[in-house]
Amino acid sequence: PMKEVSIRGQGSLAYPGLRTQGNLETLSGPNDATRGLTSLADTFEHVIEELLDEQQVIQPSKENKDADLYSSRVMLSSQVPLEPPLLFLLEEYKNYLDAANMSMRVRRHSDPARRGELSVCDSTSEWVTAAEKKTAVDMSGATVTVLEKVPVPKGQLKQYFYETKCSSKGYAKEGCRGIDKRYWNSQCRTTQSYVRALTMDNKKRVGWRFIRIDTSC
């Protein structure tokens with residue numbers, strides 16, 4: 001969804017434009033607010049669908065032959081990305097809208113002290129360079145070297161990975177939040193998913209492979 005324009009010889013990131021249909025400040029009454037939230041959620045669903053469709057129709061060429069190798073958590077750039085991946089932000093905001101829409105229906109029946117929402121496990125997210133990762137495990141279970149730089153027509157770009165892991169300051173050691181410790185044992189653990197990255201195996205063969213990175217807690 002987020003494409004690195006540097007692949008085509010530019011030096012910045014390209015983000016598709018986003019337009020929402022109204023905002024909460026222009027709404028009046030609970031019914032209008034509910035319709036507004038639904039409209040915003042539908043808008044972001046439409047944007048996500050357009051982004052996915054756009055990614056699927058990208059055709060490799062001599063100038064952007066690697067454009068189809070991007071993941072929402074992998075970025076090729078000449079500098080550290082300043083923001084999380086676009087699709088990641090869209091999913092986070094849509095989840096917020098869904099939660100807000102649900103809380104509006106139950107708010108009048110809820111105790112004010114219980115209206116706040118907390119995650120079961122605390123997590124942190126940040127961009128990590130290939131130099132920091134160094135190695136990773138691919139889909140076959142083999143350990144491969146993650147290459148720091150990717151060659152492009154007009155130079156080289158660095159590989160960045162947006163990783164999410166359990167926070168060391170949260171409930172990782174004390175158990176999951178909301179679990180009754182008198183009856184249950186729980187633990188927050190970092191889980192991984194596969195993303196595609198440029199790597200080198202133990203036989204010095206360089207290629208794009210799916211590797212595991214930390215993606216949730």
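From the backbone N, Cα and C atoms, a Cβ is placed for every residue, glycine too.
When you check Swiss-Prot, the disulphide partner of Cys217 from the set Cys166, Cys176 turns out to be Cys166. All protein chains considered, the CB of Cys121 (disulfide bond) has 21 other CB atoms within 10 Å.
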